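Data block below; observations after.
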Amino acid sequence: MTVDLDKYVKPGRDYYIALGLEGSANKLGVGIIRQPVGQLSQTNRAEVLSNVRDTYVTPPGEGFLPRDTARHHRNWVVRIIKRALSEAKVTGADLDCICFTQGPGMGAPLQSVVVAARTLAQLWELPLVGVNHCVGHIEMGREITGADNPVVLYVSGGNTQVIAYSKQRYRIFGETLDIAIGNCLDRFARTLKIPNEPAPGYNIEQMAKKGKHLVNLPYTVKGMDLSMSGILAHVDGLAKDMFGKQGKKLVDEETGELITAEDLCFSLQEILYSMLVEITERALAHVNSNQVLIVGGVGSNERLQEMMKLMIQDRKNGQIYATDERFCIDNGIMIAHAGLLSYRTGQTNDLWNTVCTQRFRTDEVFVKWRDD
Amino acid sequence: MSLIPTAVYSAADLEQPHEFHPGDGDHTTDGQTTQISEVVIKAGGEDRDKPSEARDTPLGHLRAQLTTLQDQINVFLTERMKSEKSAITGKEEDDIERRILDDGVDEDEED
């Protein structure tokens with residue numbers, strides 16, 4: 001039996017349109033999606049009508065503070081919504097629902113975006129749909145890549161999880177025990193005072209391409225989980241010794257050449273990504289799958305994709321799926337897409353039930369739109 | 001049609017509810033209490049996230065007046081939090097004193 005996704009279609013229409021608002025971290029995203037009636041498939045696909053994003057960027061060496069990030073979202077949200085509507089060539093009257101990120105994420109930015117969502121819903125008399133940010137990434141990844149039932153590696157600034165679907169839940173097989181991988185990379189970028197534009201992780205990736213010496217760093221896989229705070233402390237310590245007052249020189253043991261900042265970026269990436277590959281491979285073996293889907297901002301890192309590909313190629317019929325920065329990095333369209341699926345199964349949020357939450361685990365969501 | 005926002009704050013310890021009115025004068029959307037953090041500016045950042053200016057329409061005026069109102073509320077609540085905090089810290093010190101005097105006997109007291 002398949003789930004009936006068309007109980008709530010507007011009379012006389014054979015499609016749905018939803019607007020999604022994302023603002024759980026430093027990206028403010030507004031996306032508008034159109035889904036045709038019927039089950040989504042490779043021949044019956046969702047259509048991205050618009051996907052606009054604006055990122056709050058801080059000076060080098062600084063992270064983004066909740067207060068200023070929320071202010072960025074508040075002050076841009078109306079302009080970004082207007083741009084998304086005009087690009088999609090739709091008006092409020094064309095929409096079926098307003099979707100918003102309910103969590104997980106930073107409290108203040110989430111709060112400022114949900115106010116915009118509530119306002120639109122009341123203005124246009126539309127239902128609200130609260131979306132779990134991680135589920136948004138997973139559903140959009142599946143839609144874009146066509147991966148039907150992959151093991152999902154969700155890697156971003158705030159989250160690191162290995163996820164597999166089973167019985168209407170996205171279940172977490174492994175995750176970070178402390179900080180997220182993107183947080184680890186971003187904070188190291190701050191130590192090195194690497195610019196935050198376009199993204200600290202992107203700049204680390206570019207530097208890592210020039211690195212060639214692997215510096216010994218801790219490797220901390222704990223069963224299916226990872227720990228990254230110790231690695232960060234270690235590499236931060238090395239960087240401070242090298243570029244601080246001490247000006248300590250580190251040399252590569254084999255070649256005797258000086259270790260550079262590029263080498264540190266290279267080593268950090270190699271170690272962290274090896275750990276990810278290890279737990280992902282183990283999850284694949286557990287659930288007897290051969291598909292990996294990488295989502296989340298760090299998923300746009302080409303080195304991570306390459307390493308994952310090497311692992312998956314060794315597996316029978318192994319396939320890797322990844323999306324580009326439009327869908328990897330936080331965006332509004334994934335919220336619109338996952339929210340619309342939820343709406344089509346009758347899951348909406350009354351106004352009183354639209355409070356955002358910083359903690360909202362992926363497996364708390366009832367995936368009513370799947371029953372495989 | 002003119003739209004003038006107001007706000008009322010009431011709490012158990014206030015004898016009368018506190019009312020807020022934007023009043024006359026220049027209202028702008030660039031609020032005093034909603035500026036970018038100083039740390040960001042000090043670190044060499046620039047403020048590219050200023051709110052757009054209010055238009056000369058009833059809704060535009062409402063936006064500007066709301067910002068004034070927000071400033072008033074923020075100042076009021078910050079003051080209140082400060083005095084509440086100092087009241088609590090004072091109380092905690094008393095608590096420590098009481099505990100020491102009671103010779104380590106920690107009792108749950110209900111206010």
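First residue shown is number 1, and so on along the chain.
Glycine is no exception: its Cβ is also placed from the backbone N, Cα and C atoms.
As recorded in TrEMBL:
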type	residues	note
DOMAIN	A:48-336	domain 'Gcp-like'
BINDING	A:His133, A:His137, A:Tyr154, A:Asp330	divalent metal cation binding site
BINDING	A:Tyr154, A:Val155, A:Ser156, A:Gly157, A:Gly158, A:Asp186, A:Gly201, A:Glu205, A:Asn301	substrate binding site
* Structure fact -> Most isolated by CB count within 10 A, of the binding-site residues A:Gly158, A:Gly201, is A:Gly158
* **Proximal but sequence-remote residues of the same chain as A:Asn301 (substrate binding site) (Cβ under 8 Å, at least 6 apart)** => A:Gly201, A:Glu205, A:Gln269, A:Tyr273
* Around A:Ser156 (substrate binding site), how many other C-beta atoms are within 10 angstroms of its C-beta? -> 26
* Secondary structure at A:Tyr154 (divalent metal cation binding site) (DSSP, helix/strand/coil)? -> strand
* Structure fact -> Across A:His133, A:His137, listed as binding-site residues, the smallest other-CB tally within 10 A is for A:His133
* List the Cα distance (Å, whole number) between A:His133 (divalent metal cation binding site) and A:Ser156 (substrate binding site). => 11
* Same chain, 6+ residues apart, C-beta under 8 Å of the C-beta of A:Asp330 (divalent metal cation binding site), given in sequence order -> A:Glu22, A:Ser24, A:Ala25, A:Lys27, A:Gly29, A:Arg53, A:His133, A:Ser156, A:Gly297
* Structure fact -> Among A:Tyr154, A:Val155, A:Ser156, A:Gly157, A:Gly158, A:Asp186, A:Gly201, A:Glu205, A:Asn301, the record's substrate-binding residues, the widest C-alpha separation in angstrom comes to 18
* Structure fact -> For the domain 'Gcp-like' (A:48-336), the averaged pLDDT of the predicted model is 95
* Asked: Hey, what's the Cβ neighbour count for A:Tyr154 (divalent metal cation binding site) at 10 Å?
  -> 27
